[in-house]
Amino acid sequence: MLTQRDSQNRDEPGYPLIPVWTGEQIRAAEKPLLDAGEGEALMRRASWGLAAHILQILQAQRGSVYGATVVGLIGSGNNGGDGLYALASLRRRGVDARAVLLRPTCHTQALTAFCQAGGQLQTTIDDGADLILDAVVGTGFSGSFDAPSLPQDSVVVACDLPSGVDAETGAVRGTAIRADHTVTFGGLKTGLLLGQGRAFSGVLHTVDIGLGAHLPEPAGYVMSELVDIPGTTGGAGITTQAGVDNLLRFRPRDTRRIDHSSGSGGAARNLAGEAVPVLRRRGPDADAHKYSRGVLHLLVGSPRYPGAAQLSVGAALATGVGMAQVQAPDAVAQAVVNHWPETVASDQAERAAAMVIGPGLGDDSQRLAQAEALLQQSRRNAVPCVLDASALELITPELLADAGYAGSLGKHTVLTPHTGEAQKLAERLGDLQLQDALAEQKVLAAAPRLAQLTGAVVVLKGPVTVIAAPGDEPPLLHTEPAPGLATAGTGDVLAGIIGALLATQEESARYCAALGVALHAAAARRLDPRGHGRFGASALLGVLAD
Ligand SMILES: NC(=O)C1=CN([C@@H]2O[C@H](COP(=O)(O)OP(=O)(O)OC[C@H]3O[C@@H](n4cnc5c(N)ncnc54)[C@H](O)[C@@H]3O)[C@@H](O)[C@H]2O)[C@@H](O)CC1
Ligand SMILES: Nc1ncnc2c1ncn2[C@@H]1O[C@H](COP(=O)(O)OP(=O)(O)O)[C@@H](O)[C@H]1O
């Protein structure tokens, strides 16, 4: 039976978590199967899935597959083998599939299968091809890649990973082939979502090649921007072909197509019927009052940056709190109250269920002293707290070493640095491992390291945002593009959103931080679905409540 709360939540968008692995993890999962002599079977499954996706793409593009021209660019390893087997399958469906061998050697059995299906080798890449298949190099990529030039008008499909993209970091080494679609095997790879990998991969499709039980704990979970789609979600440890495709293809504007009336009390499920974790905001209890719902205390703004206070308070109100109270110099507090009359100006944080410390404090020494005192109060009483912007400068080796706190800020504290702020923190804490990870743009390593060093939840912000908690829970990633967020003040909005969630949700700080990041980006994508970036941070406030 559904409770009143469940029925409210069913209308609330949720963000299913999809597991992702590094290329090395996928290769390690394949190893026992390869050792058991199943390599050929894996390759057949991969290539069959690849061909099936190419047929769908051709069908959508041309209205039919018969007579379509596909040119495969074939490398020397198993990636090329997958490509050749897929081309052989396509020929059997009436596709004019040809191959260009880009290296002196290739997978011999796959070449034989291609030739037996009537395939011809050629030395040039035709201008008129409907589709180019990039099967030059996949997870075995080393060194640097020199991408061939491709005809402008052909759709490009990458086999497993666009050639030239690092399977772990998404970095392009040399030049890479830019794909419109990537069909990847065994599970989503981090390199398809991080760095330049996201832009080079196009639409992602996955093919389940039966690695299931061999897959290790994921390197992280990517938050999908979706509501419930019963039966179509890729779950932990299982990546389902239809599931992940649907998840990654859906966009917020498509949500009207999703049937809220069917389903299972709001839980997303994978094709095996298993529940997958979904991040979802809860509304207030019917019998809540403002104090039980949660008071958020914000120490924000300074004479130099009064606007930051307006943004973070406005974001907290639009996200939903029992009460927002602002601690700021009189003129700043007055401006906030004039703009948001429901706000209470207060220098006392006694009733606070959560705090936001930092947006707009700048280098105002008086404000920073107040911030330090409030941080100590949060620490003493374990009050959930967001530390943002210049409040991050309060984190020093001495603060962490403070007796009684075991070298930790505590899992109730959320730090929200962008990579520049994280770099400064790394230097202040003297941690070379973190400095190196940041310098190499290895955000999936950097965020957990900072969480480990501080004992706090870390939101490492950027085009891809990584949320990591101390301990062994895998990091969460937000990768859906929202380039318009690269504008002043959006970080202040994020701090207010996360603060409101900490004050009102019965969930961990890690959960609230991740949900806040998803709500923030979803608001930007609703406001600016095409990514034109023609909005300022304050416009986000108007769409946060949607
Ligand atoms: N291992 C397996 O059993 C399976 C592997 N699969 C496929 O196999 C791929 C991995 O296969 P491999 O381990 O053979 O590796 P790849 O085929 O990805 O790459 C290795 C080959 O590419 C060449 N190469 C490396 N760096 C290069 C560069 N910078 N420029 C040009 N050529 C370069 C190497 O000389 C080597 O021959 C996966 O991406 C996937 O497509 C799938 O068939 C599923 C099963
Ligand atoms: N190119 C981008 N794509 C998506 N999100 C971005 C991009 N650049 C910045 N962001 C997001 O915008 C916000 C900026 O925060 P921050 O740098 O603290 O801004 P400010 O201090 O001006 O408020 C973060 O949430 C970050 O993840």
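Placed from the backbone N, Cα and C atoms, the Cβ positions cover glycine too.
What TrEMBL says about this one:
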type	residues	note
DOMAIN	26-217	domain 'YjeF N-terminal'
DOMAIN	273-546	domain 'YjeF C-terminal'
BINDING	Ala308, Gly360, His418, Asp492	(6S)-NADPHX binding site
BINDING	Lys461, Gly462, Pro463, Val464, Thr465, Gly491	AMP binding site
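Sequence features, as recorded in TrEMBL, placed on the structure.
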| residue | record | Cβ within 10 Å |
| --- | --- | --- |
| Ala308 | (6S)-NADPHX binding site | 30 |
| Gly360 | (6S)-NADPHX binding site | 29 |
| His418 | (6S)-NADPHX binding site | 16 |
| Lys461 | AMP binding site | 26 |
| Gly462 | AMP binding site | 16 |
| Pro463 | AMP binding site | 16 |
| Val464 | AMP binding site | 22 |
| Thr465 | AMP binding site | 26 |
| Gly491 | AMP binding site | 25 |
| Asp492 | (6S)-NADPHX binding site | 29 |
- line: DSSP, reduced to three states, assigns Lys461 (AMP binding site) to strand
Candidates near ligand 2 among the binding-site residues Ala308, Gly360, Lys461, Val464, judged by a Cβ under 6 angstroms: Lys461
Where His418 ((6S)-NADPHX binding site) falls in three-state DSSP terms: strand
- prompt: How big is the gap, in Å, between the Cα of His418 ((6S)-NADPHX binding site) and that of Lys461 (AMP binding site), rounded to a whole number?
  reply: 4
- prompt: Does DSSP put Asp492 ((6S)-NADPHX binding site) in a helix, in a strand, or in coil?
  reply: helix
Field: Nearest of the binding-site residues (Lys461, Gly462, Pro463, Thr465, Gly491) to Ala308 ((6S)-NADPHX binding site), judged by Cα-Cα distance
entry: Gly491
- prompt: Out of Lys461, Val464, Thr465, which of these binding-site residues is nearest Asp492 ((6S)-NADPHX binding site) by C-alpha distance?
  reply: Lys461
Cα distance (Å, whole number) from Gly360 ((6S)-NADPHX binding site) to Val464 (AMP binding site): 24
Message: Tell me the Cα distance separating Gly462 (AMP binding site) from Gly360 ((6S)-NADPHX binding site), rounded to the nearest angstrom.
response: 19
Field: Where the record names Ala308, Gly360, His418, Asp492 as binding (6S)-NADPHX, the maximum Cα to Cα distance in Å
entry: 16
Shell list ((6S)-NADPHX; ref centroid = CB of Ala308, Gly360, His418, Asp492; cutoff 8 A): Val300, Tyr305, Leu311, Ser312, Gly358, Pro359, Asp388, Ala389, Gly489, Gly491, Ala495
- prompt: Excluding Lys461, Gly462, Pro463, Val464, Thr465, Gly491, which residues of the same chain place their Cβ within 8 Å of the centroid of the Cβ atoms of the recorded AMP site?
  reply: His418, Thr419, Leu460, His478, Leu485
